[in-house]
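> I have a structure here, written as structure tokens, and I will follow up with some questions on it.
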């Protein structure tokens, strides 16, 4: 099952994930909604909030470095990998990731890094706006895990247990059920190399650059605190789209 974005995130996905033409880095996600897949290169998506909006959970310094330096590096690497690949013209990043085992490793590393980080930024919001899961997602969490707290505990365990760098994910698997998994490096559940494939609903970056300024080596503390900035409205929209098969 490939990722399907809802109306709120679809435009950002087209701007950031489609193999498309050069445009200056937008200052906001709204600007990227105007970009199309007819462009010739991937570009760094703007954030839907200020660098300091996630404080005190994630500090502004970390956000600026993570977005403008780390994410930009993945965008640059992906564009370099695409040079001379006319066979991939017009191919979405999701489709590239779905066949990444057949492509040079740069697509796995940099394509995954670009996709994962764009998804990560959209997964978060200011603490005051985080809210709680609602509707079908809330029901599915309770049905699968027994409670929201238990789901968080299992998700945190997956993130803490990922040796070295990687990501923790809440996904809808091929059976249409919620599942928690983790991936190394910049892998994600859309890739054909993933041990557990599915449609991501939430993803948390457990590379040290995501949290080290504030939390140092206390990854578990970062994972606990991260729930305060989860954008549950976006997660609920993603879940609805995933189970609908859109």
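Each residue, glycine too, has its Cβ placed from N, Cα and C.
Reproduced below are the annotations present in TrEMBL:
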SIGNAL    1-24  signal peptide
DOMAIN    42-124  domain 'Manganese/iron superoxide dismutase N-terminal'
BINDING   66, 117, 205, 209  Mn(2+) binding site
DOMAIN    133-238  domain 'Manganese/iron superoxide dismutase C-terminal'
> Per DSSP, what is the helix/strand/coil residue tally across the domain 'Manganese/iron superoxide dismutase N-terminal' (42-124)?
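Residue counts for the domain 'Manganese/iron superoxide dismutase N-terminal' (42-124) by secondary structure: 53 helix, 2 strand, 28 coil.
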> Which of these binding-site residues has the least crowded Cβ, counting other Cβ atoms within 10 Å: 66, 117, 209?
209
> Over the span of the domain 'Manganese/iron superoxide dismutase C-terminal' (133-238), count residues by DSSP class, listing helix, strand and coil in order.
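Helix/strand/coil tally for the domain 'Manganese/iron superoxide dismutase C-terminal' (133-238): 50 helix, 24 strand, 32 coil.
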> So if I draw a 10 Å sphere around the Cβ of residue 205 (Mn(2+) binding site), how many other Cβ atoms end up inside it?
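Counting Cβ neighbours of residue 205 (Mn(2+) binding site) within 10 Å gives 24.
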